[in-house]
Amino acid sequence: MVAPATVRGIDQAPTSHPKLLAWVREIAELTTPDRVVWADGSEEEWRRITDELVEAGTLVRLNPEKKRNSFYARTDPTDVARVEERTFICSVDEADAGPTNNWMAPAEMKRTMTELYRGCMRGRTMYVIPFCMGPVEAKNPMFGIEITDSPYVVASMRIMTRMGTKILEAMGDDADFVHALHSIGAPLAPGQQDVSWPCNETKYISHFPETREIWSYGSGYGGNSLLGKKCYSLRIASVMGRDEGWLAEHMLILKITSPEGRAYHIAGAFPSACGKTNLAMLEPTIPGWKVETVGDDIAWMRFGPDGRLYAVNPEYGLFGVAPGTDWKTNANAMRTLDRGNSIFTNVALTDDGDIWWEGMGEPPTHLIDWKGNDWTPQSEHLSSHANSRFCTPITQCPILAEDYYDPNGVPIDAILFGGRRRDTVPLVTEARDWVHGVYLGATLSSETTAAASGAVGVVRRDPMAMLPFIGYNAGDYFRHWIEMGKGTDGDESKLPSVYYVNWFRKDAEGSFLWPGFGENSRVLKWIVERLEGRAEAVETPIGMVPAEDALDVEGLDMTSEDIRIALKVDVNEWQAELPLVTEWFEKFGDKLPGVLWAELDALRARLDAEPQ
């Protein structure tokens, strides 16, 4: 055991916050690092840490003529993604974790992990990262402190969060903060040679909702180690939102302005592989319309003094899936990356010191793949891991809305829920009211691929696209959504309208009916015109869909039959959906709000009343 007084840097804290100082000393005593460094967020610190990571072989400096001030990382092949089976919600009461989360009693988990943490930072530096999710100028800034032994995490957190000395100053001596503890779990004996990506076979990502703590061990991958992201901003924040009357959601936020200059804000929840980042950075194909980005992944929504729901993006960077991001699908993301200051992980490296991944056009004749091996277009495997990532400052996005910086957030006019369904779900459906919208979100689904499941087209529920991220019982989460619909003054007209979209419907030959990408602006146009009371809709058993000719398809290479099928509500397909929803709802027992059962019964009755 190393007494904390002997750990270099332990007594050089740039703060007098007593609870923070006590916690740092406690963790230093437990983990026994060689030294403690308080991350200040400066350019000099970025240079020092990236230089050290390059020297250690963890990072490769990219060609500055291609990607200025940018780096490439290659992880251990076993440490490439979030590990949901090792992710726990350690609520005091097991029932509060619910059927969608892994649970362990908090005392048992802390005993287990305390032994893993004991001496786990030996031979390494312990970094203390003060950070804030969302603007520091907010009425109630959302502070966090991450303790980590990974310099890769320090560099990435500088991109993804507002962090450093300015956060410590804003915290003063008494601000509350989320305690976020992370270790890669790879202590070094004296003289032991380090590896380029240290990690541990044993992994835990544990959340303690009542005490607002996160303990992560064994993984250096971003989703498991950048604890401000999913761990704080969704799992812990969703519990805070439940307790305090707001929502923490897995949603993009965009601003759309019509040719007449009227601006609206839309939030959208989409499961993975459904184009959330692409929609957030949309380039409209219809003349006169403009889209700006507020956020691509997380939205915190609170009621404003006017009774409307306002959203902020708590993140400072983009942590996007690389494959499939290209000039055709998301030119604004590519422009953001071209401005440099980024970290790329598990993509491929070109011979001239740039990065490449599948989807970026013709592959070069030679690459070094994500495992460090030679790769050519004749290779039988992909050059980049399917979950390879870019980490880049959102402030470099060329269409970032000025509203992004507003600590009060932006007023949300519409909420989208979207999944990947080859049939059944129309291109766009408008909910009848807020509770019907919650039903649509609670039953949100996507189809798995053959690679993921061994069977194409298996429908999996992903409520509000939050399945891996709800920090408490999902039945209570649905109830919280319903309660939020009562607003602050009972005026439902101030609530966002809710829509369910599906860009992925296919025809009988298996081809996508809708072109997607920039053409999705046509669906957003119809939604805006619905908000303004100008677009026609048709009543169906599942909600309102665009009337014939209400959707602007001018210039699209689509037949009227294609459009009809894309918007079709097939009674037989929807009746086949009912037992799947029933099975899903039964998971939650008496925690499921009765109004959602009532919505299902009403849908069944409307379908039964339709002519076959």
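Every residue gets a Cβ built from N, Cα and C, even glycine.
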Candidate from Arg242, Arg420, Arg421 that Swiss-Prot assigns to the same GTP site as Ala273, Cys274, Gly275, Lys276, Thr277, Asn278, Arg389, Phe517, Gly518, Glu519, Asn520: Arg420
Per Swiss-Prot, member of Ser272, Ser445, Ser446 binding substrate alongside Arg82, Tyr221, Gly222, Gly223, Asn387, Ser388, Arg389: Ser272
Further binder of Mn(2+) named by Swiss-Prot next to Lys230, His250, taken from the candidates Asp176, Asp296, Asp297: Asp297
Asn387 (substrate binding site) to Gly275 (GTP binding site) - Cα separation in whole Å: 14
Between Gly223 (substrate binding site) and Lys230 (Mn(2+) binding site), the C-alpha gap once rounded to whole angstrom: 7
Integer Å distance between the CA atoms belonging to Gly222 (substrate binding site) and Ala273 (GTP binding site): 18
Per DSSP, three-state class assigned to Arg389 (substrate binding site): strand
Cα-Cα distance, maximum over Arg82, Tyr221, Gly222, Gly223, Ser272, Asn387, Ser388, Arg389, record's substrate binders, Å: 17
Under 8 Å by Cβ from Gly222 (substrate binding site), same chain, sequence gap 6 or more: Ser156, Lys229, Phe319, Thr345, Arg389, Cys391
Count of other CB atoms lying within 10 Å of the CB belonging to Thr277 (GTP binding site): 22
Protein Cβ atoms within 10 Å of Ser272 (substrate binding site), excluding its own: 13
Neighbourhood of Cys274 (active site), C-beta criterion under 8 angstroms, separation at least six: Gly418, Gly419, Arg420, Ser446, Ala465, Trp503, Phe504
